[in-house]
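Taken straight from Swiss-Prot:
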type: TOPO_DOM; residues: 1-43; note: topological domain 'Mitochondrial intermembrane'
type: TRANSMEM; residues: 44-64; note: transmembrane segment
type: TOPO_DOM; residues: 65-82; note: topological domain 'Mitochondrial matrix'
type: TRANSMEM; residues: 83-103; note: transmembrane segment
type: TOPO_DOM; residues: 104-266; note: topological domain 'Mitochondrial intermembrane'
type: BINDING; residues: 186, 221, 225, 232; note: Cu cation A1 binding site
type: BINDING; residues: 221, 223, 225, 229; note: Cu cation A2 binding site
type: BINDING; residues: 223; note: Mg(2+) binding site
């Protein structure tokens, strides 16, 4: 057993914002990995452009000083330099745009999901529905998720981030997420999963996620939705497929073996 596997078996990773954090949270999905890699690649161009512009400004200030140039130059046209300062930015934009298009496409792509999670935002809580289990159960799994008040927090729980009912999903599985709202605009955002999607009343938005490792992932509503906007946390717990089915069995009554064979094909 490798050290990494040992750590994964002994601990549950917590992915959440930290005080004074400047960087990204650790990615748990291929989409978030792509976002971070694209950000790092883009920073090369941004830093290079900033350095070049600052150098040009410094050269202009030092070379075209009134004391050094009593008579200003009368250059009114330069075809070569105009072609250069038009073509180079265009090439830079193309270099940035092409990878971003591929990333945007992958964020919208839904690949044969085994679970559909319905998310409904309300003032000021989230509602969740698992309806795929209707194939082997009489009713869907529906529950609300409220923030745990500070006085009710247990040891080890986090202020303004913990909820009474977590979203539980399996790892290494394609999951479709359908998001809407019942009253005003909300936004379902989980940084570690690379998800930030608006919840709009009367409209159904769709995204997908493929979580690669077990852990607990924290997020919050990121659309100002009223006085308690800051008290709408999101907690997604990713577990193994067997643990997910065990959790589902404790919520609803169904045959465990039937679910494995009929629904998941294993």
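Yeah, the Cβs are placed from backbone N, Cα and C, and that goes for glycine too.
Distribution of Swiss-Prot features across the structure.
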residue	record	DSSP class
186	Cu cation A1 binding site	strand
221	Cu cation A1 binding site	strand
229	Cu cation A2 binding site	helix
Cβ contacts of residue 225 (Cu cation A1 binding site) (under 8 Å, same chain, 6 or more positions away): 121, 123, 124, 184, 185, 186, 232
Spatial separation of residue 221 (Cu cation A1 binding site) from residue 229 (Cu cation A2 binding site) - C-alpha basis, Å: 7
Residue counts (helix, strand, coil, in that order) that DSSP gives for the topological domain 'Mitochondrial matrix' (65-82): 4 helix, 0 strand, 14 coil
Which of 186, 229, all binding-site residues, has a Cβ with the fewest other Cβ atoms inside 10 Å: 229
Residues within 8 Å of the 221, 223, 225, 229 Cβ centre (excluding the Cu cation A2 site residues themselves): 121, 124, 184, 185, 186, 187, 222, 224, 226, 232
